[in-house]
Structure formats: C-alpha cells, structure tokens
Amino acid sequence: MTRTSTVLTVAGVTLVSGLFVYAVYFDYRRRNDASFRKKLRKEKKKIDKHVAQTKGDISVSIDTEDLRAALEKVRSEDMPGSAEEKEKFFMTHVGMGEQLSIQGPAFHLPAALSFYRALRVYPSPVELIVIYQKTVPEPVFKIVMDLMNMDVKERVEGYYNVFPPKNMKVKVGQVEAADGKKKILVAAEDFKAGDVIYKEQPIVTVLDLDLEGKGIYCTHCFREIEKDMAIHAEQDRWDAVYCSKDCQVNSKTQSENILFGLEPILPPQIAPDLTNKEERKAVQQVFVDYLKRRGKAVPLLVSRFLARQVAAETTKMIPAAGGSSPAASNSLEDGEYSFMDHIERLRYLVTSIPDEEVTLVANVLKAALPGIEAFVSQERQILLTGKMAYNAIGVCFGGGRHDKPDSDEHPEDKERTRTPYGTSKQIGSGFYAVSAYLNHSCDPSARPSFSSGTAELSLIANRDIKEGEEITMAYVDVSQHPDESPTDARRRRRIELACGWRFACTCTKCLAEGAQGGVADSDVPDQKDESKVEEVVQRVEGP
Ligand SMILES: C[S@@+](CC[C@H](N)C(=O)[O-])C[C@H]1O[C@@H](n2cnc3c(N)ncnc32)[C@H](O)[C@@H]1O
C-alpha cells in the first residue's frame with residue numbers, strides 16, 4: 001500500500017455538509033420529472049427577463065447591523081423538513097425574490113433574503129450561486145453573497161460555542177505548537193482524582209474482526225453477550241450478533257441496513273424503491289469478503305460513518321419521524337451541526353486507500369440509494385480514512401484481552417488506536433467526537449474507561465485537575481514494563497507514537513527527561529534514542 005503521511009489540519013469548512021441525500025433526491029427529480037424541469041426553466045426565464053429590465057438599477061447600501069439582523073431573522077425561521085417541502089419552499093422563495101427584485105432598490109434586501117432562503121435549502125449551493133450570478137440583478141446578488149459570507153463565518157466560528165455540549169464540562173482550546181496551532185481539551189471546572197469528567201457515546205464503532213460473528217460481544221455496543229441470548233440478524237451480510245433487540249434496531253437504523261441489509265432506505269411516499277435486491281446482496285457480499293480479507297477496522301468505521309450520515313439525512317426527510325430516530329440519536333446531532341461538522345475540524349493523516357475499496361464502498365451505497373455514490377468520492381473516503389485512523393480510540397474492558405491476533409505488517413503500517421492499554425488488548429475501536437481532541441501525555445491527567453461494559457467512554461481524572469487546565473490521555477501504554485529500563489520504556493512509547501500518529505512527543509514528561517539529557521539510570525545513550533524517534537517521524541512524514 002502506498003502511503004504519504006503529512007499531518008494536516010482541516011482548513012476549509014464547507015457551507016452545507018449534510019444535505020447530500022436531499023441532493024440526490026433533487027437531482028433525481030430534475031433528471032426524471034418533466035414537470036419539475038419545466039417549472040425550473042420557467043423560473044429561470046422570469047429571472048432572465050427581470051435582469052434585463054433592472055439593468056441600471058441603483059443599489060442602496062445596507063449596513064452590517066441591518067444585514068446581521070436580517071440574517072438572524074432568516075436563521076430563526078422554521079426550515080422545511082421533507083424533500084418535497086424543501087422543493088416547494090425553494091420555488092416559492094425564488095419566485096418571491098424575483099418579484100421583489102423588480103420593485104426597485106428599497107426592495108433589494110427583502111429580495112436578497114428570499115433568494116438566500118432558497119439557497120439555504122438547495123443541495124448544491126455553489127451551483128446555485130453560479131446561476132444567481134448570471135440571473136439575479138447585480139445589487140441583489142451582492143447582498144445574497146454578503147449574507148452568505150456572514151452566515152458561513154458565524155457558523156464556522158460559532159461551532160465551538162456549542163461544542164462540546166456544556167454538560168460534558170470540557171472546552172476545546174487552542175495553543176501554539178511547532179507545527180502550527182494545536183487544539184487541546186480543557187477542563188471547564190475543577191475535578192478531583194477519580195471523578196468521571198464526562199461520558200461519551202461513540203458515533204461509530206467496529207468490533208475487532210476476529211471477534212465478529214462469534215457471539216461473545218455485541219456488534220453494536222460491545223456488551224458481553226449472555227449465554228444463549230445472542231440475536232443474529234436476518235438478511236445481514238455482515239453476520240452481526242447483538243446483545244438485545246434495541247442494539248439490533250439501533251445498529252440497523254444507523255448504518256447496517258444501508259451497508260448489509262436489503263430494506264429500502266426511503267419510504268415509498270418519498271421515493272420509489274429503485275434498488276435491485278439481488279444486485280444489492282451481491283455487492284454487499286463482495287464488500288464483506290474484502291473487509292474480512294483486509295482485516296482492518298478503519299474501512300468499516302468509514303463506511304459506517306458514511307452510512308450513518310445518510311441515515312441521519314434520510315430521517316430528516318421523513319415527516320412522521322419528526323427528524324429523530326436512532327440514526328440521529330446522539331446528543332451531538334441534535335443541534336444545527338451534523339456528524340460531518342464534528343469530523344471536519346479534526347486533524348488527520350493524509351493517506352491513500354486501495355482503489356478497490358473506494359469502488360466497493362461506492363457500489364454498496366449506490367445499490368442501497370442510487371445516486372448517492374456521487375457524494376462518496378475518493379477524496380472524501382481518503383479524508384475520512386485519515387480522520388478515523390488518527391482519532392479512533394481502542395475499547396478495552398478491565399486490563400484488556402491477551403488473545404488478539406498480531407498482524408505481520410511493518411510497525412508503521414499496523415493499525416493503532418489510542419488506548420493506554422495498547423491496541424493489542426482492545427476488543428474494538430470507536431470514534432468519539434469530543435475525546436478526539438484529547439492530546440497525548442506520557443503522564444496523562446485522565447484515562448478512558450469502559451466500566452459500563454459497553455463502548456460508552458467515561459473519562460476519569462487520574463489526579464486533581466483545575467479549571468482551565470489541559471486534559472490529556474495516553475495514546476499508548478506509557479508504563480515501564482518489568483523487563484524495561486526507563487530509557488527502553490521512553491524509547492518504546494515515543495516510537496509507538498511516531499509510528500501511529502507521526503509526532504515526536506512534547507509532553508511535560510518527555511520535555512523534562514529531554515532537558516535532563518535523557519532519563520535517569522539510562523543504559524542507552526539518549527542521543528541514539530532521540531535520533532531513532534526522529535528517524536521514524538521523518539520517514540513517515542516524508543520529505
Ligand atoms: C487526535 S489529535 C489531538 C487533537 C489535536 N491536538 C488537534 O489540534 O486537533 C492528535 C495530534 O495532536 C498532536 N499531539 C497530541 N499529543 C501530542 C504530544 N504529546 N506531543 C506533540 N504533539 C501532540 C499531534 O499532532 C497529534 O498528531
């Protein structure tokens with residue numbers, strides 16, 4: 001497998017990250033529904049006519065406060081729920097926008113607001129902006145752009161005002177680091193040693209592949225399954241085993257029906273079922289065989305994340321569901337930010353994935369919801385792979401297990417999750433949106449615990465932590481093993497960090513040891529130790 005490994009922070013945050021299922025539906029209508037196309041053409045003609053008439057209009061200047069107040073008003077309005085309601089809303093507001101545009105400069109702001117309302121529900125905003133630029137009178141178009149810039153800026157900047165949720169008692173902070181600004185997780189109040197700082201449910205999980213299908217742990221929540229209580233899902237290509245009906249339903253609704261089941265994704269009143277069950281079954285089987293052959297958790301974490309996004313979006317389109325179902329049942333998804341919002345700001349490894357994997361994931365999603373494959377591009381899959389590989393946390397019960405098969409890959413290619421017990425002791429991996437921000441320390445102030453016997457993560461304070469202090473965890477086993485000298489232990493943990501996450505650790509413990517010229521009673525020259533870590537970091541980061 002070819003690999004590049006530069007560490008990047010996400011720079012661009014997209015305007016609308018979650019509307020892609022609606023986009024598929026909209027495109028479907030545009031391609032297949034003659035009356036819908038006719039309506040769109042009619043609207044465009046009307047706009048063109050007005051543009052011609054309004055050339056030479058004088059614009060009125062609108063100050064920032066008026067613009068902000070207008071934007072606030074638009075944001076506070078109820079948004080249409082289903083795809084059909086969105087389509088109607090879109091048509092109405094484009095129509096109103098053009099009517100208002102011809103009333104003269106005093107109506108430019110209300111006209112722009114109407115066009116902006118339509119833009120907010122349109123699945124491909126960039127495409128619509130290009131249409132607006134050609135068709136909407138220039139002064140009105142300029143206001144639409146000002147509204148959009150203000151909205152995007154406030155939405156992007158406002159994210160950390162609502163995330164992490166206040167009841168988790170932590171905040172995301174930022175500090176200067178050698179490789180740019182580094183995000184950190186900070187205590188929002190004082191904690192005592194042993195306190196549970198917060199509990200967090202994963203967005204997606206994957207049980208270790210050697211445990212899958214055995215009936216020992218639940219595929220969904222990882223709970224140990226009581227004797228004779230295993231529930232095997234029917235018509236499930238993954239052969240998942242659940243501990244309860246609830247887990248089976250949640251798992252099916254969140255991702256598994258899309259990836260490994262045969263039920264239609266959209267109810268018939270929203271869209272006819274265009275899928276071919278035999279074909280769906282066949283592509284799923286090829287994908288399952290591939291996943292098992294590959295033996296890694298990340299491709300399945302990525303597919304489940306993609307499927308969960310699709311499930312959350314399709315749920316919003318179903319009026320009866322009222323936008324809530326297990327697909328979206330994660331407190332983080334309740335607000336105005338989507339699952340994609342919670343991942344796009346995270347650091348990731350730039351990596352590459354086999355072309356076969358890109359095609360198989362796209363094929364499985366396409367077979368479940370034709371058209372969706374356009375939104376699972378190679379670029380998006382590579383990005384998500386890098387994010388999952390960089391941020392996943394290992395789930396270990398008790399001290400961890402001792403029977404996980406080792407892979408014979410090169411140490412830098414082995415799959416690693418962040419866990420103080422070591423990836424070899426875990427039973428599975430999970431992606432946790434808040435815990436993703438925990439930095440590593442070789443003397444960590446907190447530790448993840450799975451004391452509920454499920455993949456729910458409890459972050460426990462290792463010592464007293466003051467409000468405003470950074471909270472850290474160990475990504476690797478930082479203990480000194482009985483057969484290791486302090487220098488051996490230091491070298492092992494620093495090399496593991498370099499292999500897994502491509503950084504030379506700068507935690508207080510490493511810096512203090514470095515300042516002392518190595519660790520006490522060292523039996524290996526520190527210079528040799530450091531050059532080895534740097535060598536690994538450089539090798540994996542490339543030139
Ligand atoms: C999972 S992210 C943690 C959040 C990250 N700091 C951010 O800005 O988004 C892991 C990355 O944080 C940085 N990091 C975490 N712990 C570190 C440490 N002890 N020393 C140096 N860099 C560290 C490294 O760049 C690492 O690749």
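Every residue gets a Cβ built from N, Cα and C, even glycine.
Note: TrEMBL annotation is automatic and uncurated.
TrEMBL lists region 'Disordered' for one of the ranges 31-57, 517-543, namely 517-543. In the predicted model, the domain 'SET' (168-476) shows an average pLDDT of 90. Per DSSP, the compositional bias 'Basic and acidic residues' (400-418) is made up of 0 helix, 1 strand, 18 coil.
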